[in-house]
């Protein structure tokens, strides 16, 4: 079986291969730091060997719970924010039919999401669409007190209990939370919800291969065994024992850090496959939260191509030369669509007649790569044989491993996120939360 692979040839120009390979010692030292567990944030390294440590019994428990929800529910709402939401959304959007909710012969519940915003209209419309439907809830929160998911759960829990009664509701609610502590753990134990544990040593943005991601992905009918198998294979391929020249996570980390040192402050993750949009959203959180601190860090952005060539394409081609691209390039499609011949040929496209649409897309990808490289945009390519659970598992672990290496190379702790507390402190003060009286008085004086 093929694996995803990395090609940095088109990134060389701003930096040379020699410059990238000059980072070998540092990159391998950072991998060793990860594996030895003696670096910053070493209490959050549970993701490092997570794929290979998942047992068959754990997968079976998740699958059985998913089957219960699938048997009872036509809609399942996954409540979570950040890493408790984006990994699931990325996999489901990539592997389900693009128009899944319109299919008449669907075998799996519709997956909906809540708790990733505080939009009143969004919650109202979600509540309205759930009326009269058999629905369940997967509530994902380590503490149970994070504002966005806690609000959503309070509202949807009441709606579910009002609709089916507390006794039945408890069989349709699954809590994924801390093993012993927190408001959600307390509630789950009181109400008798089925629960899964968020490991203490796995941060949210690294949690997609824990029950946080695996349960809702299984509910959607996607093989979590294939997803985990892909991650296991990439765990082996990027191990500390794998030499730098063969270790794609190390080379990616070294290349992007060398580009950063040479003025490339923005990394754009691009794809030419519309189903990968939320892979990029997951990636942006992974790298943004991991590296953006201490006044440092590459800014992670993303584009969906060819769509965004008609909006951001101009900036990428001719704007400030502070960017580089990483392109996820998918080799094979799942379906075949041929361009038909049109007798009038008013659109002038008969020269494409008989070709697969993907051939047109591939030439757009190649032409774009050449244009951007000619325009001074270094281009890293991640080759993906096809969009499948196995290869997404590989992709997830590759980006996670490279993120840990890259953060250490940058000189930051890639496993904390102190900056996210600033807005929460202000929000609670403005909302007059008990215990924030002094902060409330101070912040209101500024308004």
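Backbone N, Cα and C define each Cβ position, glycine as well.
Remember, it's a predicted structure, so these values are computed and weren't measured experimentally.
Noted in Swiss-Prot for the protein shown:
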- 289: active site, proton donor (ACT_SITE)
- 310: active site (ACT_SITE)
- 424: active site (ACT_SITE)
Worksheet item: Of these active-site residues, 310, 424, which scores lowest on Cβ atoms within 10 Å?
Response: 310
Discussion item. I need the CA-to-CA distance for the residue listed as 'active site, proton donor' versus residue 310 (active site), whole Å please.
Written reply: 29
Item to complete: Going by DSSP, give the three-state secondary structure for residue 289 (active site, proton donor).
Response: helix
Item to complete: Enter the number of other CB atoms within 10 angstroms of the CB of residue 289 (active site, proton donor).
Response: 23
Worksheet entry | Alpha-carbon spacing, residue 424 (active site) to residue 310 (active site), which is rounded to whole Å | 37
